[in-house]
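Q: Structure provided below as structure tokens; questions to follow.
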Ligand SMILES: Nc1nc2c(ncn2[C@@H]2O[C@H](COP(=O)(O)OP(=O)(O)OP(=O)(O)O)[C@@H](O)[C@H]2O)c(=O)[nH]1
Ligand SMILES: [Zn+2]
């Protein structure tokens, strides 16, 4: 099982004071050494200092009044946007219900809105996830599919990885007859910078089990997602 699915990263903020960084290491080396040794992540004060560095880098004065609280706000925003690193997919899908009166078709939750952050530029990409699975005897609460999406979306991602992780988590934890995940998203790293193409949509999909093996089921999923068989 993908480690990201089963476990929460040991990534609690450190109580260490920034001064505890060995004097001979520069910040980049320190960070690399911390990641290599799987040490606790840097202290909050270090993260705020890094934001101050970025403010100075863009030509700002981090000491002017309007920016005094900005490092704290940015780190708090990061805590929110990246909270998925501290949440466990297996826990979310833990609770299932057995009274289904023999229900044996797939369950589709369409139009799950999400916002994630692209791992190349740390800029948002956002859109909708459509998730279907075919249960074996037990079903999961519908909201849990949206919660699962958020757990993976609130990490640094590529859209392909996000799509594959959602499908793999449902597959490995619920062990259904099949999973289908389709994600459509707009990437701000493509719309507000770089190639600057507003409105370009990216579609990614992952099919397992009966959705992978049976083109008719795949087609039924896709037509329901497009709203053509309602
Ligand atoms: N496959 C994939 N690519 C992504 C995703 N998010 C962003 N990218 C792309 O990642 C690529 C990074 O390319 P690089 O050439 O290394 O970086 P760059 O010079 O900033 O690229 P430009 O965006 O073209 O300016 C870009 O083409 C982005 O569009 C994603 O979720 N999946
Ligand atoms: Zn990007």
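Cβ coordinates are placed from backbone N, Cα and C, and glycine is handled just like the others.
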Q: Among 1-26, 27-52, where does TrEMBL put the label region 'Disordered'?
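A: Per TrEMBL, the stretch marked region 'Disordered' is 1-26.
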Q: Please report the number of other Cβ atoms within 10 Å of the Cβ of residue 121 (Zn(2+) binding site).
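A: So the Cβ neighbour count for residue 121 (Zn(2+) binding site) comes to 14.
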Q: Would you mind checking how many other C-beta atoms are within 10 angstroms of the C-beta on residue 118 (Zn(2+) binding site)?
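A: I get 18 for this one.
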